[in-house]
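Below is one structure, written out as C-alpha cells; the observations come after it.
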Amino acid sequence: MAALEKFLVEYKSAVEKKLAEYKCNTNTAIELKLVRFPEDLENDIRTFFPEYTHQLFGDDETAFGYKGLKILLYYIAGSLSTLFRVEYSSKVDENFDCVEADDVEGKIRQIIPPGFCTNTNDFLSLLEKETNFKPFGTLLHTYTVPSQTGGETFTFQIHKADMTCRGFREYHERLQTFLMWFIETASFIDVDDERWHYFLVFEKYNKDGATLFATVGYMTVYNYYVYPDKTRPRVSQMLILTPFQGQGHGAQLLETVHRYYISFPTVLDITAEDPSRSYLKLRDFVLVKFCQFLPSFSRERLLQGFSEDMAIQAQQMFKINKQHARRVYEILRLLVTDMSDAEQYRSYRLDIKRRLISPYKKKQRDLAKMKKCLRPEELTNQMNQIEISVQHEQLEERFQELVEDYRRVIERLAQE
C-alpha cells in the first residue's frame, strides 16, 4: 500500500510538472505592434505588450495548453486594420490526462471585430493602401513634439469625431480593443448613444513623399444632463498607446477637450468617471495651467486660504467644479509657500489637513453613536482614542502623499 501511495504521489507530481510546461503568461504571449512600413513586421523594437489580460484569460493571466505561445495582434498604424495570428511550438495532446488546451483564438475573437487578416500578404496589401486613410471628424488642435534625440520635430493633430463620420464606427471597433489590454476595468461603450463624444490623437508623418497619419490615442466623453438646462461632460475612457507615452500627448488631449467644452455656455463643469491616480495627476497639471494666472489665485489671495471667488472664477472661466478648484488652490498655494519657513509650512499643513479630516470626523461621530448602544462608556472612549491615533497617522501619510504629487505638478509646470 505504501509503495502504491508513493507511486501515485510521484505520478501526480510528474503530471503537474508536465502540465506546467504548457502554461503561458498572456501578458507576454500577446504581442502588439503598430505597423507603418513592411519591415516593421520583423522589427522587435516595434513590439509592445499588454498591461492586463485578466478580462479574457482570468485573474492568473495565463493560457494553458501551449509551449512557445505567441498571440500576434498587428495593426496598421493609422486605420488599425488588423493581422491576427496564433503561433506556438507545441500544443498539449487532447488525450493527455483528459485536459484540453484553452481556446485562445476564440477568446481573442470575443473582442476584435471581424474582417481581420490572418496572413501577412493580405495585411501588406492593406498597408499599401494606407495613404487613403485620413483622420475622422473636425480638427481641433495641432501641436509639435521635438525628437528625444534632437533636431527633428513631430506633428500631431487632435480631432473630434462621431458615429456619423464615414468609416468611424468600424475604426472605433478596432481602436477600443486596446482598452482591454491597458485599462484594468475596461468595458466597451454603447456607440448608438449619441451623447458620446470621441476625441482622437493622430501623428502626421511622411512616407515616400506622401502624408500619412498614425493613431496615437483617444478619449471618450459622455454628456450628462443637468437640470434644468445644463450638461456635464464626463471623461469615461482615455488611452495613449504605449509607443507614444511619456511625450505629453495626454496633457495635450485633456487640455484640448477642456477648451472645446469651455466654449459652450450650456456646459456646467467637466468631470471624470472613476479617475485613476495617473489621470488625477494629469488633470491637476492641466487645471493648474488654466488657473495659475487668474486674479483670484494670486499669491496674496492664495496665502489667505481657499475662497468662494476661486471656485466661482474657476467654474466661470474653465468649467472647473468646486472640488477640483480646491485641489488647484492647494497646488498653487504650495508653489507660493516657503516650506523652510516653519510658520508658513504649519499654516499650509493645517489647511490641507482640515480638508482631509472632514470625513474622519463624520465617521468618528457615527462610530461614537453606535458604540454607545453596544459598549460601556469607558470602552467606547478607549476605542475612540485608538481610532483617533490611527486617524492622525493616516492623515499625515495622506498629507505627505499629496505634497509629493503636488510637487511633481509644480515641477512639470516649471518645464513648460
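Cβ atoms here come from the backbone N, Cα and C positions, even for glycine.
From a predicted model like this one, the values you see are computed outputs, not experimental measurements.
If you take the C-beta of Gly248 (acetyl-CoA binding site) and look for same-chain residues 6 or more apart in sequence within under 8 angstroms, you find Val145. The acetyl-CoA binding site annotation in Swiss-Prot covers Met238, Leu239, Ile240, Gln245, Gly246, Gln247, Gly248, His249, Gly250, Ala251 and is backed by similarity to another entry.
Feature annotation from Swiss-Prot assigns N-acetylalanine to Ala2.
Summarising the annotation, Swiss-Prot assigns N6-acetyllysine to Lys6 (among others) and lists a large-scale study or a structure entry as the type of evidence.
The N6-acetyllysine feature in Swiss-Prot is assigned to Lys12 (among others).
Cβ neighbours of Ser187 (phosphoserine) (same chain, under 8 Å, six or more residues apart in sequence): Leu179. The annotation phosphoserine is assigned in Swiss-Prot to Ser187 (among others).
Under the three-state DSSP scheme, Ser340 (phosphoserine) falls in the coil class. If you look up Swiss-Prot, you'll see Ser340 (among others) marked as phosphoserine, on the strength of similarity to another entry.
Sequence-distant contacts of Trp196 (site 'Interaction with histone H4 N-terminus'), defined as residues of its own chain at least six apart whose C-beta falls under 8 angstroms from its C-beta, comprise Asp162, Ile189, Asp190, Thr220, Val221, Tyr222, Asn223. Swiss-Prot lists Trp196 with the feature site 'Interaction with histone H4 N-terminus'.
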| How many whole Å apart are the CA atoms of Met238 (acetyl-CoA binding site) and Ser340 (phosphoserine)? | 38
| Counting other Cβ atoms within 10 Å of each Cβ, which of the recorded positions Ile240, Gly250, Ser340 scores lowest? | Ser340
| query | Looking only at Cβ atoms, how many others are within 10 Å of the one on Met238 (acetyl-CoA binding site)? | reply | 23
| remark: Students should find that the Cα atoms of Gly246 (acetyl-CoA binding site) and Ser340 (phosphoserine) sit apart, in Å rounded to an integer, by 32
